[in-house]
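Contents: one structure, followed by commentary.
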Amino acid sequence: MPIGNLGHNPNVRALIPPAPPLPSQTDGAGGARNQLINSNGPMGSRLLFTPIRNSVADAADSRASDIPGLPTNPLRFAASEVSLHGALEVLHDKGGLDTLNSAIGSSLFRVETRDDGSHVAIGQKNGLETTVVLSEQEFSSLQSLDPEGKNKFVFTGGRGGAGHAMVTVASDIAEARQRIIDKLEPKDTKETKEPGDPNSGEGKIIEIHTSTSTSSLRADPKLWLSLGTIAAGLIGMAATGIAQAVALTPEPDDPITTDPDAAANTAEAAAKDQLTKEAFQNPDNQKVNIDENGNAIPSGELKDDVVAQIAEQAKAAGEQARQEAIESNSQAQQKYDEQHAKREQEMSLSSGVGYGISGALILGGGIGAGVTAALHRKNQPAEQTITTRTVVDNQPTNNASAQGNTDTSGPEESPASRRNSNASLASNGSDTSSTGTVENPYADVGMPRNDSLARISEEPIYDEVAADPNYSVIQHFSGNSPVTGRLVGTPGQGIQSTYALLASSGGLRLGMGGLTGGGESAVSTANAAPTPGPARFV
């Protein structure tokens, strides 16, 4: 493959003579045969520039590349490390971002520009900050991913192989994470996604969400009904007391009575004095004394008959006063008794109705609240949510070529086993992270084949969330050899054709990935333009 060396190799400190060109059978960039090979690294590993497409002199209107997000012509180069394994050439990205990814793992980092014009990427892990200097190609690639200029990115794991760290914008990974959470949250609904074109690789997804939960005691309407009944009873008692104090007949005063004997004596004495006074005014009512000369002189004493008459009239007046006193006392007592009886009747009626009903309401509300609380304590089940998700994958007939999973030395996986491996059971998840923290839901997707079998249930969820964006294909190879190659591109387009061609020509070997081969039709296949949003993974 025609290459251009970066000029240094951080893995080799000793001076090494220039290496000869790599075998011509691995030349996958046939359109760049006129480029010179300059290398001062070892034969097994060296840093280089690799042309992404057929030639760097492609037409200016060709905006697609095998790696979404890289700038268009003439900057379509990737800083890589090439390793020779037998007759197969395997490429790895090597640069500041790889150094930073090795230090901080799959986490957030930011890009800053220093005063001297250099660009640095800064990440943090376990309280330690790591800073690396970015090359112009790396900085341009990151700029193409971040048109908004937020300069915050996330390593999303080795999606294309253990040696290649994928990068996306932090806001995009947060959006993708939220979409995954939304997919996992139960909504007590049944969703069915019918399969699309049988040859498109789309699957039939059936989701059944069953949520069983018991509301808290405070959310039970029966409790609030009981409390409202108690409140109504208390209000009724207060209203009854106010009505008895204001609206009912007032309590009568004690009756005013007069002693009949005292009234008779008083009246008799008064009448006697009055009659005696009137009798003295008439001289005929007085006794007469005859003096020496024979003249009649009043003696100043009333005659006996007049005195008797006065006494009789005074006695009659006293008796009349006695009767009047007795009658007055009787009327006063009768009035008191009537008013008191009326008040007692009103009090009895109001107390029986007002306090009785209010007391019954309070008692009923208290019993209802107690029973409701007891039932909640007795019948409170553990809140549980069951989410059943069945994925039936309709594999196309040419699945090996479309997915790029051809294994030239291992047994072919049957469609039935692939469908069975895609059936999964997922339970709901909760989001307790703050908005300032970006968690990476794709951090564990770049795992070996044997580890992926235990967690195969997670991949359909991620693939469903990113059904339409440009995701890189995950390459899993059998055997004990480590996965050292990388594969980047858009599923279903040029990159799969490349792998199909390499598999048929023997360029793809067991346990190794990479872009190798000897045809021009594969590498010249145009891919779709990068999709904006959380799909931009490189």
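Backbone N, Cα and C define each Cβ position, glycine as well.
Looking at 1-37, 38-74, 482-518, the range annotated in Swiss-Prot as region 'Disordered' turns out to be 1-37.
Outside the transmembrane segment (223-243), and at least 6 residues removed from its termini, the chain residues within Cβ reach (under 8 Å) are 217, 350-351, 353-355, 357-369, 372-373. DSSP places the residues of the topological domain 'Extracellular' (244-354) in helix, strand and coil in these numbers: 78 helix, 12 strand, 21 coil. The average pLDDT computed for the topological domain 'Extracellular' (244-354) is 86. Long-range neighbours of the transmembrane segment (355-375) within the same chain, counting only residues 6 or more positions beyond its ends whose Cβ lies under 8 Å from a Cβ of the stretch, are 217, 220, 222-223, 225-237, 240.
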